[in-house]
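All remarks here apply to the structure that follows.
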Amino acid sequence: PKTNVDAHRPKELAPSVVHSCEHGKSMAEASRTSEARRDAVFARWVIFSPARSRRPTDLKSHGPANPSPGPDDGAPKPSCPFCLGRESECAPEIFRVPPPDASPPWRIRVIENLFPALRREAAPPAPEDEEPVGAGECAVRGFGFHDVVIETPHHEVRLWDLDAEGVRDVLLAYARRVQQLAEHPAVKYVQVFKNQGASAGASMAHSHSQMLGTPFVPPSVTSRLNCMKEVFERSGKCSLCVVPSKDILVSETHNFSAFVPFAASYPFEIWIVPRQHSSYFHETDQDKV
């Protein structure tokens with residue numbers, strides 16, 4: 001099922017699990033490689049990646065929460081590799097919109113992350129491996145995909161500055177990349193996320209978002225799926241297809257509803273849900289955006 005911009009693949013989670021006590025690696029050696037660890041208390045997965053500490057930043061931790069440039073400082077940052085004309089300074093490109101043979105310059109680029117949390121060149125989990133039932137602490141190899149979606153070629157433009165067509169193209173770029181990742185047999189879950197501003201963890205001011213393709217499904221996603229299954233088995237209704245009451249409805253279009261969830265977990269939380277029942281985000285096309 002699709003929640004926000006999550007994409008959950010309907011297959012059993014079967015990563016190559018190695019108990020931490022049987023790793024055969026010292027802590028010093030483990031600290032140099034990317035690894036996904038699950039603890040025995042919350043059963044949550046946490047990615048440990050030393051490469052992330054080496055990423056460059058033009059947003060300092062003491063900087064403003066909103067790094068958007070003002071009218072007098074909108075010039076492209078000299079060191080920004082995401083700007084138009086600096087493509088050679090980025091990690092390898094996966095695809096661009098429009099494609100390279102088109103005459104207009106690119107509007108969106110999807111590239112590999114130069115400082116990935118998970119590594120695509122790492123050996124993927126063996127399909128015959130299964131997670132031990134009742135296992136406590138465990139760790140899996142740091143295999144996965146970590147991509148960057150550069151939402152605009154212009155340094156001073158933010159996602160909310162784009163017109164409806166521009167935002168649509170960003171969403172379709174997400175869907176296209178999710179579809180590509182879903183075809184990899186070891187990818188069980190794809191997460192699209194955006195950190196806006198230094199306080200949210202962004203390191204680059206140029207408008208961008210990120211995507212992670214992981215060999216495991218986060219417990220919170222499994223919990224949501226199981227809860228929705230229980231509701232459907234009892235009532236025959238999809239939890240997200242139920243029309244929200246007008247007092248929590250924020251906005252509505254032909255294809256989407258935006259509303260405040262009944263049990264919001266933080267201020268200003270809003271869900272954007274397709275009005276037509278759809279199980280996968282990557283099934284989104286131009287007619288559904």
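Cβ atoms here come from the backbone N, Cα and C positions, even for glycine.
TrEMBL does not curate its annotations; it predicts them automatically.
As given in TrEMBL:
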{"type": "ACT_SITE", "residues": "HIS208", "note": "active site, tele-UMP-histidine intermediate"}
{"type": "BINDING", "residues": "CYS80, CYS83, HIS155, HIS206", "note": "Zn(2+) binding site"}
{"type": "COMPBIAS", "residues": "1-12", "note": "compositional bias 'Basic and acidic residues'"}
{"type": "COMPBIAS", "residues": "20-36", "note": "compositional bias 'Basic and acidic residues'"}
{"type": "DOMAIN", "residues": "32-218", "note": "domain 'Galactose-1-phosphate uridyl transferase N-terminal'"}
{"type": "REGION", "residues": "1-36", "note": "region 'Disordered'"}
{"type": "REGION", "residues": "53-80", "note": "region 'Disordered'"}
For the residue listed as 'active site, tele-UMP-histidine intermediate': intrachain residues, at least 6 apart, with Cβ closer than 8 Å: PHE82, VAL148, VAL149, ILE150, GLU151, LYS194
On average, residues of the domain 'Galactose-1-phosphate uridyl transferase N-terminal' (32-218) score a pLDDT of 82
Please name the residue among the binding-site residues HIS155, HIS206 whose C-beta has the most neighbouring C-beta atoms within 10 angstroms. HIS206
I need the most crowded of these binding-site residues: CYS80, CYS83. Count other C-beta atoms within 10 angstroms of each C-beta and give me the top one. CYS83
